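**Q** Next up is a structure, given as structure tokens.
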Amino acid sequence: MLIRLATRGSLYTKSKYKWSPRFYSTQVEYKPIRSVLVANRGEIAVRVFRACNELGIKSVAIYSKEDRAHIHRLKADESYLVGEGLPPVQAYLSIPDIIAICKDHHIDAVHPGYGFLSERHDFAQAIIDAGLRFIGPSPRVVQQMGDKVAAREAAISAGVAVVPGTDGPVTTKEEAREFCVKHGLPVIFKAAYGGGGRGMRVVRKMEEVEENFERASSEALSAFGNGAMFIEKFIERPRHIEVQLLGDKAGNVVHLYERDCSVQRRHQKVVEIAPAPKLDPVIRDKMTAAAVKLARHVGYENAGTVEFLCDETGNFYFIEVNARLQVEHTITEEITGVDLVQSQIRIAEGMTLPELGLTQDKIHPNGFAIQCRVTTEDPAKNFQPDTGRIEVFRSGEGMGIRLDGASAFAGAIISPYYDSLLVKVIAHSKDLQSSCAKMNRALREFRVRGVKTNIPFLLNVLENQKFLYGSIDTYFIDENPDLFKFVPSQNRAQKLLNYLGEVLVNGPSTPLATRLLPADVKPHVPITSKDVQPPKGFRQIYKEQGPEAFAKAVRNHKTLLLMDTTFRDAHQSLLATRVRTHDLLKISPFVAHNFNNLYSLENWGGATFDVALRFLHECPWERLQEMRKLIPNIPFQMLLRGANAVGYTNYPDNVVFKFCEMAVQNGMDIFRVFDSLNYLPNLIVGMEAAGKAGGIVEAAISYSGDVSNPNKTKYDLKYYLKIADELVKAGTHVLAIKDMAGLLKPTAARMLVSALRDKYPDLPIHIHTHDTSGAGVASMLACAESGADVVDVAVDAMSGLTSQPSMGAVVASLQSTPLDTGFELPKISEYSAYWEQTRTLYAPFECTTTMKSGNADVYQNEIPGGQYTNLQFQAYSLGLEEFFEDVKKAYAEANTLLGDIIKVTPSSKVVGDLAQFMVQNKLSAKDVEEKAEELSLPKSVVEYLQGHIGQPYGGFPEPLRSKVLRDMPRIDGRPGATLPPFDFDKLKKDLQINFPNIQDRDVMSAALYPQVTKDFLAFREKFGPVDKLETRVFLTGPKVGEEFEVTIEKGKTLGIKTLAMAEDMTESGEREVFFELNGTLRSVFIVDKEASKEIEVHPKANKSDSKQVGAPMPGTVIDIRVKVGDKVEKGTPLVILSAMKMETVVQSPVAGVIKTLNIGMNMKLEAEDLLLTLE
């Protein structure tokens, strides 16, 4: 026996104790312990197992069914299931089961850890009655100290100051109210038979007494099996200081100095410091002496803590004794060098403190230690507990850092049943500041993905100056709101893996228009020197001298200028606007260096805005910013739909003005402003907005009809000249003709441009067209020869068909003529070669699926080039692909029905919707006219007839309009003129409820496209920067076994390899998809949307719908306060959830009436599960 004791060594590591028989107590029986069962779970169980291992003692774990995969059972020498058939928490509270396991497996002693049964005297007594040893205080002391009233009486008897409070436990809200009335507020409710912050509430208002008592009592009942409460006067601005004690069976008691636990949230400790900083040594000595005095008075043995509140004047009051090991015992171990757990075991064996070398004169603090409790709680959401699977775990380590944990590893499941503690991080150094620095560094090294943690909050605490210098009290968190300002964790890598898994399991997130797949190619990007700045272009004139000087320079330019539409209208026309920023940016440097003399690069606005958000899942504002960084020298041009901005409806004027202002700030230069009906009031709003923003105003007249055909009289030359006159009067810098369908024949081009040039000799003229018929090059050459300053082209590989005429063809045709553009054909060829390869990546959207060549039928149907492919894909999605020729014919009929209108977004959409409606329902134009009163026409058609997009030239068609509208309201004049100013501040606040980190550009996007933007923001939050993926991978996902790289920012590149996808689904309908990320195995679980239709899954709340109320955290429904039909106000309590022993009241986010209840009592929910809906 003596040899064994000697080999174990001293527990006091700072001074090695040599064995000497004279230290044995003659009054205490020594009986060695050979096996210890820990009646607990998680990190404290592992902590005890480690101590046992070092002492050569067998360790035994118990685990609930829910913990069968938990690491604490694997760390023990043996482990046994406990509480089979019981709920998760109750399993660890089953005393008979624990005793039975001990007897069946010949266990010597039981360590209770903390929480659960650790402060239950009946448990301690049951252990002893079973002939086992309880590693802790005697049952009598546990009972006395666990009873807040008895502990208080003991303190008074020992001469230790206490806080005024109830004489005994309080069990009813009426008793609670009576005490509060008698003694006044504030008071604090505490669980009479447990601690750890459970069942604790501070009450400052009399009307909140009863509700808080019920909630606190309910929490205490759930956590400790008894809902009785202790009430005492609440001390304002105290420090929470606790003294660590050790006592032996011979009556010896020592203190191991104090810990400051003042940094608390909801009365639960978050960060602990030892020793207490800036504590007067005199007060320290008095406090530690009082703690020892109380312990001796009650005959305390083993480890325990006496807790005090210390006010600003130095007075301190006893509040309670924790008759067990504390969570924060670690920092005492660090500063004293004493292993408290081993000390507990040795004392339980019968050794005395002197025999262990633990006399007061040998215990000295060394430096400062800090403990941070890393929990799975989201500080950005009021510390809501988070649950789920830890997908990634990487810890912070190094000198002066200790980690105590058991749940922290990749693949661990964090359940809602137990405490949210993930790992305790302990830093030890010579002083408080250096300890903070070590802790800060360690926490920043952590990477935890899959569940939220409180690490951002802890980092804010560690960087707070008051904390760094030890100036803290229990109000520290409440009075430092900056602690809750977080830089959100980006978690980009894991989010991208989730996206890739989603595509692999459920198919493309962007609907593919055809069955064609993206080519497996990596387009060759022409080499551009990174060390040479691109040559100056027309943008320098605009930025240095202003819009007027720019217009003058364009007009004085002797040769033809070109606008390149490759970056926008070309791919809108050929590829349904699906080209991604990723591919645009690759070629941008080459364009900047070799095409600096372009009039402009059309790259933004129009359909690209909503398609980027809706289908490409990328921010159009970021596209503009990134292109501007790479192309600083060429003016950018955007398409502005007048009063419609870049939307399909009318907006308040301040939206249009604010949009233009932000566009200029983000890099836009030229605004090609048009109206879908050439309705001047709408068009002029856009001109004024662009001009006020400081942009170059290019007013555009949308071209329809044929000025060279005397039989087409509606849109004749006089019509265009009249509109041009109004636009010049309105102050346009450049005049544009927008031939959106490619109807401008060479002869008509000469007539129109010559007339405009003759009337406005000093005004730059810009011609835009489409090459649908194949006559585009001829028409543009005719325009150039007739006096146009600028014509639109697209690089060869992206030209023709419904796109713009070929850049190479126009350049070659004008070489060695007075209009020679000066561009080099070899450079155009390199530019084109890139796009020829890149275009194959977008095969699913390729217009050549059905359109193999130019088609002169455009002169009959007048379908705009930009709409042609979109209309085609819409026909596919509606099952009308075989009838697309019929759709084209119906388009012409629909146009006639609506009054032969100007057709460009959004008016072209009206015609297209009506055409598809006619084909789908097998209606002729005559049928529509005759049945107009009974048909449910498309919404866009009805709104057009109401006047929502303006007044058409020549008026609305009658009697069709009257038949369709009947008694519906009509709008006369400019639709946006009567709209009240838009409230951007309100929208921002509404968005921040679900998306707290949005920027002003997101608010603008939401003002234009409310639901589309909300969906985009939710998608980006869930899946991260998908715009950084290669296009083929983005659209259809990677191949199994494929390796590829993703650069998420400069200097940060992810290496990803797709490994496999599980064939079997989980119970919740998920498939596991395996990847290798930077050489490390990762996996994600993805719900198989098709297969899981057969599995009943609780619906999720839509974050973007404020009428749907979701569970803020996982948990169990313990109370439902409303029923269907109830009227509620904002803030009305709806449901109470319990998770991780914490209760949360879910309040109504808005006023309304309960429409549906999607839950029942005791239902277990996941985060964001739908609770109820409002109306």
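Note that Cβ sites are derived from N, Cα and C of the backbone, with glycine treated the same way.
TrEMBL entries are annotated by machine, without manual review.
Below, the features straight out of TrEMBL:
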DOMAIN    32-482  domain 'Biotin carboxylation'
BINDING   Lys148, Glu232, His267  ATP binding site
BINDING   Asp569, Lys738, His768, His770  Mn(2+) binding site
BINDING   Arg641, Thr905  substrate binding site
MOD_RES   Lys738  N6-carboxylysine
MOD_RES   Lys1141  N6-biotinyllysine
**Q** Just how many other Cβ atoms lie inside 10 Å of the Cβ on His267 (ATP binding site)?
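**A** Taking all protein chains shown, His267 (ATP binding site) has 18 Cβ neighbours within 10 Å.
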**Q** If you measure Asp569 (Mn(2+) binding site) to Glu232 (ATP binding site) at Cα, how many Å is it?
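**A** Here the two Cα atoms lie 73 Å apart.
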**Q** Across all the protein chains here, work out how many other Cβ atoms are within 10 Å of the Cβ of His768 (Mn(2+) binding site).
**A** 28
**Q** Around the recorded ATP site, report the further residues of that chain (criterion: Cβ within 8 Å of the mean position of the Cβ atoms of Lys148, Glu232, His267; site residues excluded), sequence-ordered.
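**A** Here the non-site neighbours turn out to be Gly165, Ile188, Phe189, Lys190, Ala191, Met200, Phe230, Ile231, Ile319, Glu320.
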**Q** Calculate the distance in Å between the alpha carbons (Cα) of Thr905 (substrate binding site) and His267 (ATP binding site), and round it to a whole number.
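**A** On Cα coordinates alone, these residues lie 60 Å apart.
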**Q** Need one number: mean pLDDT over the domain 'Biotin carboxylation' (32-482).
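**A** PLDDT averaged over the stretch: 93.
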**Q** Within 10 Å of each Cβ, count the other Cβ atoms, then let me know which of the binding-site residues Glu232, Asp569 comes out lowest.
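**A** It is Glu232 that, of the binding-site residues Glu232, Asp569, has the fewest other Cβ atoms within 10 Å.
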**Q** In sequence order, which residues at least six apart in the same chain have a CB under 8 Å from the CB of Lys738 (Mn(2+) binding site)?
**A** Arg672, Phe674, Ala700, Ile701, Ser702, Tyr703, His768, Val904
**Q** What is the separation, in Å, between the Cα atoms of Arg641 (substrate binding site) and His770 (Mn(2+) binding site)?
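**A** Arg641 (substrate binding site) to His770 (Mn(2+) binding site), Cα-Cα distance: 18 Å.
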**Q** Determine the Cβ neighbour count for Arg641 (substrate binding site): the number of other Cβ atoms within 10 Å of its Cβ.
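**A** The answer is 27 other Cβ atoms.
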**Q** For His770 (Mn(2+) binding site) and Glu232 (ATP binding site), what Cα-Cα distance in Å is obtained after rounding to a whole number?
**A** 82
**Q** Relative to the Cβ of Lys148 (ATP binding site), which residues of the same chain, six or more apart in sequence, are found under 8 Å away?
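**A** Within the chain, Lys148 (ATP binding site) has Cβ neighbours under 8 Å at Gly165, Pro169, Lys190, Ala192, Phe230, Glu320.
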**Q** Suppose we draw a 10 Å sphere around the Cβ of His770 (Mn(2+) binding site). How many other Cβ atoms does it contain, all chains included?
**A** 30
